[in-house]
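Peer 1: Structure in structure tokens, see below.
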Amino acid sequence: MDYDFKAKLAAERERVEDLFEYEGCKVGRGTYGHVYKARRKDGKDEKEYALKQIEGTGISMSACREIALLRELKHPNVIALQKVFLSHSDRKVWLLFDYAEHDLWHIIKFHRASKANKKPMQLPRSMVKSLLYQILDGIHYLHANWVLHRDLKPANILVMGEGPERGRVKIADMGFARLFNSPLKPLADLDPVVVTFWYRAPELLLGARHYTKAIDIWAIGCIFAELLTSEPIFHCRQEDIKTSNPFHHDQLDRIFSVMGFPADKDWEDIRKMPEYPTLQKDFRRTTYANSSLIKYMEKHKVKPDSKVFLLLQKLLTMDPTKRITSEQALQDPYFQEDPLPTLDVFAGCQIPYPKREFLNEDDPEEKGDKNQQQQQNQHQQPTAPPQQAAAPPQAPPPQQNSTQTNGTAGGAGAGVGGTGAGLQHSQDSSLNQVPPNKKPRLGPSGANSGGPVMPSDYQHSSSRLNYQSSVQGSSQSQSTLGYSSSSQQSSQYHPSHQAHRY
């Protein structure tokens, strides 16, 4: 290419620093980049953006894969990549996303801290239903387009704050996502270890090579249970997250302690799993004879005959071939009973969750526990460091060293920066409901955010994306906010953990 032409092209190229104001507004940090809260300098709009700078020179295969996918994916419940900026002077790459003020990691932490402070404030069941519905809707879109997310967890589920899309769920961190139509080789050969331990399906832990969409469904079941209880259902001690061996004794032990050991009739193909001999050697069925999901959820006041439990049971089915699909889950009776899911998950309530705080450019993101520096490779949206409550909250379950690299809702000790009161529900619940006998369906991003989820708001796309994914190695990615750019994280909930996901 002619040198003069290249120089002219470089001079005309839009530069991030000329277009956006972001200095001093860092909200996330990871080994692969930084995330800033940004606004346009020209004042064309008052919209807030998440501006992610990828560290180093050039761009990784993981980032290439994510960019390629995000440029094709268009859905109200999937984070939108607005633009990519390439700087030829310093060879840096910038990604521009919509900005989400909250995420499920911080929202759940807020409620868990309220329990620790003996002022329990449960997530409203109507909010849980709307959150789950939108997560399923977004995943249904990805699966219909032959995309596996493979790293679903609370930190990667963003929730929009005040604005036109108030309360809208955005699935973020597509750094692990892969197309699954006709892979050249088994996916397990390409990425031996995928998904944060606590949200990893049992077939992955047993070495399944040709895993399917069912791994995302299991992770959604884990998130659903966590929304209902404010505790990670399968939390356990974390070992070396870089291992290429999928078998994880402690994680399987935790799953069996909650669910019980699967009977042969319930999971016939378990004997075909590569790690089944190890399972037989290390575990005894009788150890878990008194364990069941029913007993676990009854402790959290969820009745076994309720529609909420029956759907959870379908999502957390051990046999992946019997696990419910996202499409089937969207049709579940749970979503047909009142209160119906809404486009704005906060419908009828004030938002009590703190906004993200800005990070100091020089201070390390994790000031407390340095073990939290280990994070699984993932991409996340900006999150602000959680504020500390007067008394340090005691986390009921061991907190995950953010394999949730904080997707984050801006921090959240009970009562921190938020209202001391619980969420206040609207007196007229009919305003937020879908007409009777209508199948709820989330509307387009331009829809009235507080309105009911209408069946005809939009149709799911079933067409395949015209994109061939590049193969990533087995390294795990860590994240800077839900705006994904690979980074490593270890899995433990911790009040000070704050990597935002994009």
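Here the Cβ of each residue, glycine as well, is placed from N, Cα and C on the backbone.
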Peer 1: Can you tell which of Ser449, Ser456, Ser462 Swiss-Prot marks as phosphoserine?
Peer 2: Ser449
Peer 1: Between Val35 (ATP binding site) and Asp151 (active site, proton acceptor), find the distance joining the two CA atoms and give it rounded to the nearest Å.
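Peer 2: Distance (Cα to Cα, whole Å): 20 Å.
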Peer 1: If you count CB neighbours within 10 Å, which one among the binding-site residues Val27, Arg29 has the smallest count?
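Peer 2: Per-residue Cβ counts within 10 Å for the binding-site residues Val27, Arg29 bottom out at Arg29.
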Peer 1: Cα-Cα, whole number of Å: Gly33 (ATP binding site) versus Asp151 (active site, proton acceptor)?
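Peer 2: A Cα-Cα distance of 19 Å.
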Peer 1: To which of the recorded positions Gly33, Val35, Asp151 does the lowest count of other Cβ atoms within 10 Å belong?
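Peer 2: Each of the recorded positions Gly33, Val35, Asp151 was scored by Cβ atoms within 10 Å; lowest is Gly33.
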